[in-house]
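Undergrad: Sending over a structure as structure tokens; questions will come in a sec.
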């Protein structure tokens with residue numbers, strides 16, 4: 001007998017079932033090719049060939065001549081079937097050994113491991129030589145009961161409901177407290193511009209100006225050094241920092257534990273520093289009973305949190321939509337299949353209901369009118385109309401006759417069909433679509449990876465810049481105090497020069513941190 005080898009070819013450029021038929025039809029005519037099976041969604045062809053006559057590179061070349069891209073896949077292990085079973089009735093290590101040794105002797109089983117503690121068996125097999133039902137039969141013959149590990153058919157791991165809820169809550173909390181803060185800020189700006197206008201027109205003295213300034217309601221001091229404006233901003237800022245920023249803090253701490261700096265670290269850094277700095281400067285002003293109200297940054301955290309949590313919320317809502325579609329797709333899969341045994345002249349000898357996962361390649365499956373196709377296959381006998389709208393979007397039923405291909409999940413309408421299974425389990429078109437959507441969901445958009453990578457450099461850079469600012473101003477101050485005096489308005493004259501310099505340096509460096517907080521990068 002001639003030896004038959006098997007190879008896998010990655011095929012690109014296939015758009016529909018006719019491309020598949022075209023490749024299969026043309027390659028079957030070639031010498032040395034025993035059989036060929038092409039999976040459209042996975043984009044790969046499995047070819048069994050006679051190595052004495054033809055080799056894989058030549059096969060790929062043949063496919064290329066038909067106008068498709070083709071490369072031979074090196075790791076042929078992809079064709080191995082994997083089976084997870086629950087085995088009941090094992091009592092000791094000798095049972096385990098008995099099952100393992102018997103299975104390993106069985107033709108087509110490549111690897112097998114049985115765990116007594118969990119009652120689970122993990123088996124790798126060659127789908128050409130043996131199928132899951134045969135493996136189960138072998139274990140049953142040894143006197144154990146066995147069943148498939150039930151797969152979770154729902155797309156619950158892709159459900160974003162909880163994240164949607166938490167980001168929505170973050171956003172709403174931040175928004176509620178952000179609006180008043182913004183209102184106060186705008187009011188202050190308007191008043192300030194009116195004051196400067198008044199100053200320009202009436203040439204008031206600075207003392208009168210200050211008197212006018214402090215007569216404004218918001219600048220009124222509740223306690224020495226604590227103005228109404230700052231007090232209200234502080235009150236509105238606390239809940240945002242705690243409720244709105246909670247998830248940011250959690251994620252930032254995780255990132256820091258792994259020694260990376262992502263967007264969350266930046267947001268947390270900027271908001272915490274703005275908040276802490278503003279609080280400390282207020283306390284200092286109160287302790288000193290300052291006449292002039294200090295400049296605070298309480299408006300930064302709420303506004304930052306509002307925008308970023310809105311962005312996260314929308315992102316998760318969008319992801320949730322895809323998951324819903326995916327859950328619907330998964331629900332289209334049939335759960336049972338009727339496998340039949342045929343005698344000569346396609347006479348039905350027997351039929352049994354089995355789990356879809358147990359259908360093997362080459363099985364003959366009967367599909368009754370109104371039933372779903374459990375696997376991809378080819379029609380052997382019968383004529384019918386099939387509704388394939390789930391895959392093709394085609395509302396009209398498609399005629400099927402012997403030799404036509406059928407797609408798992410589509411619905412048989414009026415005739416009974418016998419089909420031969422070509423793609424089963426994870427290889428069916430439907431499983432491949434589900435897998436693609438899952439991969440698309442779990443992977444990040446390239447631009448997102450880029451932003452995270454950038455912020456990895458950006459955070460340390462900004463921190464470094466603000467530290468440099470701090471030391472630069474301290475040095476400048478001690479060298480030439482007048483420069484600091486010129487820029488640092490309204491400081492308390494009773495303070496020592498050193499204290500003024502250090503306070504000014506801190507204010508400058510914190511300002512750098514708050515302003516360079518990559519709001520724009522984060523928001524984008």
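Backbone N, Cα and C atoms are what each Cβ position is placed from, and that goes for glycine too.
All annotation found in TrEMBL is predicted automatically rather than curated by experts.
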Undergrad: Tell me which range among 199-221, 222-244, 291-313 TrEMBL lists as transmembrane segment.
TA: 222-244
Undergrad: Of the residue ranges 434-456, 457-479, which one carries the transmembrane segment annotation in TrEMBL?
TA: 457-479
Undergrad: How many of the residues that make up the domain 'HMA' (81-147) does DSSP mark as helix, as strand and as coil?
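TA: Tallied per class, the domain 'HMA' (81-147) gives 23 helix, 24 strand, 20 coil.
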Undergrad: From the DSSP assignment alone, can you count helix, strand and coil residues within the domain 'HMA' (5-71)?
TA: 22 helix, 24 strand, 21 coil
